Every structure is written in structure tokens, then in C-alpha cells.
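To keep things clear, I will list the structure first and then write my remarks on it.
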Amino acid sequence: MKQLLDFLPLVVFFVCYKLYDIYVASGALVAATAVALVLTWLKYRRVEKMTLITFIMVAIFGTLTLVFHNDLFIKWKVTVIYTLFALALLISQVVLKKPLIQRMLGKELQLPDSVWSRLNAAWALFFLGCGLANIYVAFWLPQSVWVDFKVFGLTALTLVFTLLSGIYIYRNMSEEQKHS
């Protein structure tokens, strides 16, 4: 259910873009993200920090897109969010000395510190790479290509990277954890 609520605004954005334009889609994205946030709160009585940060960025950049009638803002949103996620991961590892990935998953999984560090760094690089890819697609290719890339390309990349991370985690789990 949680994944559906997270994915719903993206579907709304895509459908509204295909039926109308980038401005209707941006407004619908802001509204759908707000609805998803409220529904998440009502169902789980908590909202993850990543979800809240995403909502704030969607609200800011979506509103700026509508107020200034300029799609550059909604295009930059993707890169800004990915950069913030990458920075959070890197700061947690370098400054706070405990990878954010470990803080998020460490209660369920026991892995060597080196594995947590590599996984954390890999996700930081992944987010930076996605942010850079977004810049290229958003500003050098047609808007319709960017929308497809944002909805399908980045979603597929994230799913593949999540799967690869799962394989990496599994290979580094103890035999006891693998069988429990």
C-alpha cells in the first residue's frame, strides 16, 4: 500500500501531462503528492523524512512552475531531490560516521560496516548520477522525452538498482540471516 501511495503522484503527473500539458500535470502532481502524504499519515500515523522532503520539494517547484508558467522549475525538482538524497547519504557517512542506509535498515539486517559504507556510497553515487542524467534529458531533449524519462526511465533505474542492492546485501548476509 505504501509503495502505491508513493507511486500515485507520478502516475497522476504522467496522465495529466499526456492529456493536457506540463502545467496541469505540475499542479496535479502537487495535489496528488499532498493527498498521498495525508493518506500515508492517516494509514500509518507517520511520514518518512524522504517522503516529507519530496513533498516539500514538489510543492515548492510545482508552485514555482505554475506561478512563473515556466517548466524549468519542475524539471529542476528531480535533480534537487536526488542531490539532497545523495548529500544526506554522504554526510551521514563522512560527518556522522554512520551510513544512513545502515540507520534505515540496520535493525533488520546485520552486515559488516564496510558493506554498509559501500552500499551507502553506491546509493549516493546512484542519486548523483540520476540527477545528472535528469539535467541532460531535461535541458537537451524535448519535454515529452523528459516526462517519459522521469516517469519510466528513473523508475526503472531505481528498481534495477534496488534489486542489485538486494543481491549485494544477500551476498554479504550471514548464513544464519539467509535462512531466517
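The backbone N, Cα and C atoms fix where each Cβ goes, glycine too.
Copied over from Swiss-Prot:
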- 22-42: transmembrane segment (TRANSMEM)
- 50-70: transmembrane segment (TRANSMEM)
- 76-96: transmembrane segment (TRANSMEM)
- 121-141: transmembrane segment (TRANSMEM)
- 149-169: transmembrane segment (TRANSMEM)
Stretch in 22-42, 50-70, 76-96, 121-141 most in contact with the transmembrane segment (149-169), if contact is a CB pair under 8 A: 121-141
Spatial neighbours of the transmembrane segment (76-96) far in sequence, C-beta under 8 Å, 6+ residues away: 50, 53-54, 57-58, 60-62, 103, 117, 120-121, 123-125, 127-128, 130-132, 134-135, 138, 150, 154
Chain residues outside the transmembrane segment (50-70) and at least six past its termini with a C-beta under 8 angstroms from it: 6, 9, 22-23, 26-27, 29-30, 33-34, 37, 40, 76-77, 80-81, 84-85
For the transmembrane segment (22-42), distant same-chain residues with Cβ under 8 A (at least six beyond the ends): 2, 5-6, 8-10, 12-14, 16, 51-52, 54-55, 58-59, 62-63, 65-66, 69, 71, 74, 143, 147
